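Colleague: The structure is given below, and queries will be raised subsequently.
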Amino acid sequence: MNTELHLQSTTSLYNGVKIPWLGLGTFALKDSSPIKNAIQIGYRSIDTASIYGNEQIVGEGIRQGIETANISRAQLFVASKIWITDQGYDETLAAYEKSIQKLGVNYLDLYVIHWPVKEKYKETWRALETLYKQERVRAIGISNFQIHHIEDIMESCEIKPMVNQIEYHPLLTQKNLYSFCYKQGIQLISASPFMKGQLLDNPILQNIAAKYNKSVAQIILRWNVQNHVIPIPKSSSKERILSNANIFDFQLKQEDMELIYSLNQNHRIGPDPNNSHTFLSVYHEWKQEKITAEEAMERIKMDPIIFYKRVSELEY
Ligand SMILES: NC(=O)c1ccc[n+]([C@@H]2O[C@H](COP(=O)([O-])OP(=O)(O)OC[C@H]3O[C@@H](n4cnc5c(N)ncnc54)[C@H](OP(=O)(O)O)[C@@H]3O)[C@@H](O)[C@H]2O)c1
């Protein structure tokens, strides 16, 4: 890793497909201008998901960005995800058509399983393999999968996942999962690199930021990239989108990389995929209207406050 990277620098997935080192997250974005602005600034990678409910808006932003930056669709890397209720073989194929239609693109660069629903993810993966073999997607992957989920998929898959998008930031480094994916050649993508903004007033990160004359956000993003993890920060502001891209003109020293690692507390802002099997399955059935919310809560013996809290954390 060196400082000669720039905003459009890429790394290669194990199938040779190139993915930019920095992308724009789009969770909760409600209008197309941040996406357009990001592309105009020079971002080439956009991450969305059907559950964000904004694929249409993201698609508009992509078209506006392509026009403003005078680039082609092929110069962009567009990723989306299959939500829990769309899992299963046929369901996934149908969900793919809906996603690309909403986005207004005729292929995706990356399509991933958003969460590991135990009874469903193998069939979902088979559908992704079909899409990949049909060259409808350039790369396929998973998200929020832990080692045991990946091993389980790898027992029967024809094509190994190319990426795993996980919650990853200085308070949650997931060391074992990191090493496992690294050894398997599965590229990690860091969701919520700023812990949804909550990490930006961390005093240790602020000290490091002052030392490099950078913002805490830039320090976190640079730490990700030097760590071979692709961050996809979300911002609605043009200034912050620009500033988040300004991470390719400096390099963190090893001592500061280590200091940032030492902040790990295994602290999550999202649900824990290791303890969510039962909840995810029940959520799946409830959202497909196979059971009522009351039946769902009864089945997992969860009171309504916790149940709806878990639902909102999941859909975050
Ligand atoms: N696979 C998954 O399950 C999963 C889960 C979570 C996220 N993701 C993906 O990862 C993306 C990023 O994660 P996230 O949206 O959860 O959170 P995040 O990127 O960690 O943080 C976003 C928050 O930080 C603020 N922010 C961004 N840049 C900033 C800066 N330079 N200075 C100060 N504040 C700044 C944003 O506010 P402003 O908008 O006001 O700038 C927003 O409130 C998502 O959008 C989504 O695409 C995936």
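The backbone N, Cα and C atoms fix where each Cβ goes, and this holds for glycine too.
Found this in TrEMBL, in case it helps:
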type     : residues : note
ACT_SITE : Tyr52    : active site, proton donor
BINDING  : His114   : substrate binding site
DOMAIN   : 35-264   : domain 'NADP-dependent oxidoreductase'
SITE     : Lys81    : site 'Lowers pKa of active site Tyr'
Colleague: Under a three-state reading of DSSP, tell me whether Tyr52 (active site, proton donor) is helix, strand or coil.
Modeller: helix
Colleague: Quick one: what's DSSP say for Lys81 (site 'Lowers pKa of active site Tyr'), helix, strand or coil?
Modeller: strand
Colleague: Check His114 (substrate binding site) against DSSP and tell me helix, strand or coil, would you?
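Modeller: Its secondary structure by DSSP: coil.
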Colleague: In Å, rounded, how far does the Cα of Tyr52 (active site, proton donor) sit from the Cα of the residue listed as 'substrate binding site'?
Modeller: 11
Colleague: Which is it, of Lys81, His114: the one of these recorded positions whose Cβ has the most other Cβ atoms within 10 Å?
Modeller: Lys81
Colleague: Using Cα coordinates, what distance in whole Å links His114 (substrate binding site) and Lys81 (site 'Lowers pKa of active site Tyr')?
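Modeller: It is 5 Å, counting Cα to Cα.
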Colleague: Across all chains shown, how many C-beta atoms besides its own are within 10 angstroms of the C-beta of the residue listed as 'active site, proton donor'?
Modeller: 20
